[in-house]
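Database features, via TrEMBL:
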| type | residues | note |
| --- | --- | --- |
| DISULFID | 936-963 | disulfide bond |
| DOMAIN | 21-174 | domain 'F5/8 type C' |
| DOMAIN | 178-359 | domain 'Laminin G' |
| DOMAIN | 366-551 | domain 'Laminin G' |
| DOMAIN | 553-590 | domain 'EGF-like' |
| DOMAIN | 589-641 | domain 'Fibrinogen C-terminal' |
| DOMAIN | 798-963 | domain 'Laminin G' |
| DOMAIN | 964-1002 | domain 'EGF-like' |
| SIGNAL | 1-22 | signal peptide |
């Protein structure tokens, strides 16, 4: 049920709620202190008798005019005994009359017994009340949540600096109804008729329990209807079923559990609201909405409801389940005050057992151990007793802790530790209480699946008599452990509970693991209870860092702040989230591990494939599996459904229509989010027909239709427009029969079709198709609905440019009370400025650049400002795009800038945690008069939701939509000579002048050459490949001396000899690359290339060309194998032959088949086991003309195992040099060689040194690799030698003659 329906349901429930339900809140403002006897007010101390608490009533002037303690410190308190448990709604304070003594802030504590105090909390925080600023004015505070108690304490925190603590008080409230159940009693409410049938119910009550289990109320009917509310291990469970006897108390009935620690002897409120099948279940401040099972909207109850237990019919005093033991107050059922009827002994109420109308309070004093290092409780024992006996109860969330340490009688020696510990055991984790002495170690374990750190009360009993000691948990004799000692055990005189004092020198008391952090109660030593109030008063034992008469346990997993299904666990001070298998990460499972779109994956350099996208980021929608088709032009996102094939339909008519529902393996909300964030979406709709009409145009009732996302029926077909009952041919006026607007509507005997794209985003995706005209003679149809396809990310490139420091965009208040994340890109040249700010009354949130190298995230949730700052080693105002992500949750505040180390601030365990903002959100500027931002902000998201910057910027002075200059930041993503092209929303890579293709020019273009296959490229003016083709490449065709040539390709072959490459010019200059039979690779140069190069040959040359003998010999064999990524300067001849054979100046001889060399290599390279090292390289000059022969020898496995060898040549004229770079991937290293050639001159000297390359185990080559060692050159007359080093190996220096 959506939130609007739930809201209407709640209003309806409150509209029929009987006035008696809220009667206790009507004029509940009586002054409760003024009529009390003076003895009802007590205090921790008083300065003089004239300053006693009896003078502390509001507006009193007798005595000294109010209460003042002996010492003014935070350990003082003023206590009011109201005489009975009452509802408290407000308090008021004054200072001491006519003095300089008043309290400026204080807290409140409540109790029903004068023991076991509970602090008043608001917003889940111990609330601090503002006090007075003078002695006589009255400061009144209405409690946000009324409370019920008999005793109330005012705890001064701060007071007038020029005086003392001075206080006069008043408490406002009223009385109410209460009932006490002793665990063997109940109240039965009987109806006037035998059967009560309701479609709406409201049950409300408050309870305080002595135990963790017990039934609060129950009702059932003969048809299987029932409703039960019961405590189970301190949690409250509601079981309900409407009209299905088969589900009665079975595992399939509707059961909801809320809250925990409800056996803490404090009051808890319950509200159950039901309307038909919809139920709101509230415990304290936590509400769960759910829908019941069963086949009826009515709850049919027979005869009666029971409160406090479920009596067995015909067996008085017998109950089906464990009864409730505790107190219930203000119990209403559909407006009927049950307790009031019972008190007045009305006939509708039948009492089972002993129910009294006042709440009995056991004198149980709990204590809280606050610290894991300093807390302890020292209690005395009776020394030298034969044996010992110690028992206590505890509750904790921690897995480890010291319960008890004691030393035995001095004449025996030895000591004993009692520890709680979570230990590793075969078969799983076990939770153990271990007893360690100088004589033995005993342990008692619970089975896996149970634990002692579950927050529930557990009991420990240790008994020793003579030579035998027994350790028992939870009074379960079956789990008790026993041990015997050689010597008898005699008790000592000191017992340390929870820990050991830091400065204890007269004992060996040490914490073997860590001190206990949690609560204890009912401590018995030598079978005698210990009065912990005496400890508090200083007359018994000693203690440190304890809260006495208070159990401060808190369930930090309620509510569960682990988002997206994260599993919550906790310790005493914090909670933890297990995010495994959620698709999210972070301290609270807030951040999606997936990107928000295929565009974002492309931005990371990803190629096409299946990905998960999370359209709303950290929002409530889960990730969606899509196919990202990342092409050079567009990035398509495709979502398949359950039936994308062509499906035939027969025998369907209006009475029995054919219907197909489409399942996209996702929710409608996920698809809507993806569609809404896209620029364009489409689904192909095809209807093939033979005597089967589609839309029955022009004016008939359609025979087929489809249903879209809003469950709306649509009567237009693919290629048409919404609201127009036509197909594509109708709009184009190209239908087979112009009388109709669809081809199929012509109702012909032969097959035809109507096919087109559905592209109106608000109607997509197609969720259902209905066909009704295939039941006539010879009638048949076949349909196909394609996958949902979208492109463009309206969020990723959404940007605004801020041109003045005073300009800003404003948006509605950012509501993120417990969890907030902010992410965006920015670029700027300014030194400082505020990116974003949102203010509250005291709280605020702000992200800013404070200096060129510093980004700061500032936040205040009421505990004072906190700042997370990231320092960058380089300036961030470099006009390049930078990424910022700021996050705040209940556990930490963090800031991430680019890939720099994240700055994390841990959140305090206590204090305010809700971020309360109320102003507008300012982007690019500020409301706090700080300097605004100059520059661009892009892709701004708050809690996963996009902020529409461009639309706001269009109507805001000083701000412009969009931001140019993407290539300056992202141009490096275009590889292998690809050119970055600016677009309004982003960029693209132009691969026209690259030997590669794909969205980042990284996909190789390769082909298989058979014997006799060759490719010839004749150079001329560039051909028009694409409209974005660069004209810069034409520079290489001008009639001028060529200063530099760049040639690169990769090959894979098992055949030698082979001619890999041949280039010639009009001047009979040529370059040839030959793979010889003896596994040498030869490079022939008869001059340096210049002027216009007419042709490049791959794998063999034209027969008419005059060739060098070595070249001619290799040309006779040609090349058989795979050639890839062929590049000559700005031309890619092989790519031209494969992609544009009709327009490129290229000639293909023989069979040329496109194939992936890399995949062939991957299939065979695993069989190679030989480690390659260079066999040498040599070059020499030819006689006469300046002809150079360069040889590199490859090992035999290079050919035998089909290893891919990329070759790179660089020819330059000043100085001229050849760089030959064979790259061989092996299991241990990659060998790289450098070869240098000098320019021919009269003295045959070399004018400059060598080019150099690096050696690295990484398969990617980079001249900036850390392992680079410079290659030095030794130059001599008519001789060139090069030295090179492998990696950092300075000893392995080789000379290449």
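Cβ coordinates are placed from backbone N, Cα and C, and glycine is handled just like the others.
Helix, strand and coil counts under DSSP for the domain 'EGF-like' (553-590) come to 0 helix, 10 strand, 28 coil.
At the 8 Å Cβ cutoff, the domain 'Laminin G' (798-963) and the domain 'F5/8 type C' (21-174) share at least 3 close pairs (sequence separation 6 or more) and count as touching. Across the domain 'EGF-like' (964-1002), DSSP assigns 7 helix, 12 strand, 20 coil.
Sequence-distant contacts of residue 963 (disulfide bond), defined by Cβ-Cβ distance under 8 angstroms and a gap of at least six in the same chain, are 799, 800, 801, 827, 936, 938. When pLDDT is averaged over the domain 'Laminin G' (366-551), the result is 78. Other C-beta atoms found within 10 angstroms of the C-beta of residue 936 (disulfide bond) number 22, with every protein chain shown included.
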